Amino acid sequence: MAFRRTEGMSMIQALAMTVAEIPVFLYTTFGQSAFSQLRLTPGLRKVLFATALGTVALALAAHQLKRRRRKKKQVGPEMGGEQLGTVPMPILMARKVPSVKKGCSSRRVQSPSSKSNDTLSGISSIEPSKHSGSSHSLASMVVVNSSSPTAACSGSWEARGMEESVPTTDGSAESLYVQGMELFEEALQKWEQALSVGQRGDGGSTPTPGDSLQNPDTASEALSEPESQRREFAEKLESLLHRAYHLQEEFGSTFPSDSMLLDLERTLMLPLTEGSLRLRADDEDSLTSEDSFFSATEIFESLQIGEYPLPLSRPAAAYEEALQLVKEGRVPCRTLRTELLGCYSDQDFLAKLHCVRQAFEGLLEERSNQIFFGEVGRQMVTGLMTKAEKSPKGFLESYEEMLSYALRPETWATTRLELEGRGVACMSFFDIVLDFILMDAFEDLENPPSSVLAVLRNRWLSDSFKETALATACWSVLKAKRRLLMVPDGFISHFYSVSEHVSPVLAFGFLGPKPQLSEVCAFFKHQIVQYLRDMFDLDNVRYTSVPALAEDILQLSRRRSEILLGYLGAPVASSIGLNGPLPRENGPLEELQ
């Protein structure tokens, strides 16, 4: 063999010579006598020649590809070390993603038409304040970390190239999502600025007679531009902002405001209190100053028990006494609603809660107020069921049974034990009706089970099937809870009977595919929450004394009920009575007030 000739030759030449000498080796080994007996046809000779030639070509190609692979492995680490200190660019970009997220949530941009007070996530009000990040993109971060002198001028293009080369993994998808949200928030800022500039231009562009006399050319130019076009552009821009806010609500944390209520009041021309007008004026003035938000935050954080950095807007003797009770730990509470009701701190919420409890206790001592609150609850739920095209007959029967049970003095002790087992700290109207029943129901609707969402989001199922499945799920849950009751025929059992009629309607309204019913339920929830927020606002109600607070709460309740019942198309609860006068014995009656 000719394997000895490989010294001083390349591997390819040695392999070619070896393959070429195979026929000679076979001929010399087996002798000419063996090959002389073979009779090869011309076709067989061609096949053998083609096979030998293909084998040689395949061996050469495999060897050449193997050499190229080795060169790539050697060049890869050298290129990575020359660019960013032996750290590949995709890794740096992946490490920068968390910082971008922090930047997105570090600032807030306030809408020029509303304020951010509310923290409910289920209300379909327009979100005025959005988390907006820095105006710099990820490409600027790459430029900062680059040591090349030309990186500053070509950073954005290099970043785009690197983004295209990054494989579509979970990390890159997350970074692309963050970049998209960042750009979307920047677009929101630009649209908000355009809207505010347009509003300022409309407000200050009205020409006066003096201006027209002094500058007739400019006056004619201002009048030449059609006013309708500017208004149409402003309306389109505002509609675009509203749609963008709703889109951002679906993919991020929301901070809904009470702008829906203010717009409704402006449309219906309902009277506003002096406190709400003053708050609105303060909000409009604060839009021109970015420092006002931070200064207000510092003032709120500095509020402590027994210390008042700034004097209150009005005297609040009852509130100050309640703060002392909170300091002593004598105000129990089941759930803190500090953020939901817009309170400055937990101590502020507890002090106002104590005053509200006392105010409701005084209100419910009068027969007329008992009739009013009982009838408002009946008419609100009846209006909701009517809007949902459901018969309220079953609800009215269960509601009457629950009221008759709650008004019997012999049931109050059992009711107290049942509610204390559920964590209710005080037997008051606020703790039982507003907090335990309404607020807990809204919280449950904000976090529905995944199985329910899967059914409601299935596009292949009809709306009637979804509604039936949701109602069946609600009934099965209530039936299972009824089996675990401590008192089989107590207050909670009667409440479950009412919930069997109301829960499916509310659940399908908040979670279902019908936009009209969803709007009605969202408005209902928004009105209830705003009613509680106004009740816990020192500027809307008087905390000077318990009777004054009770009077303001009653007026606030009448005003909110008129708005809500008017929207639902239900009659206002003014002169319709309950099932008879309440007993006025001392002791047990106070437990339910």
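Using N, Cα and C of the backbone, Cβ positions are placed for all residues, glycine too.
Of SER121, SER172, SER224, the one with phosphoserine in Swiss-Prot is SER224, while the others lack that note in the record, though it may still apply to them. Which of 150-171, 238-259 counts as region 'Disordered' depends on Swiss-Prot, and there it is 150-171. Looking up SER33, SER137, SER276, SER292 in Swiss-Prot for phosphoserine, the annotated residue turns out to be SER276. Among SER132, SER212, the residue that Swiss-Prot annotates as phosphoserine is SER132.
Its own atom aside, the Cβ of SER228 (phosphoserine) has 8 Cβ atoms within 10 angstroms in the protein chains shown.
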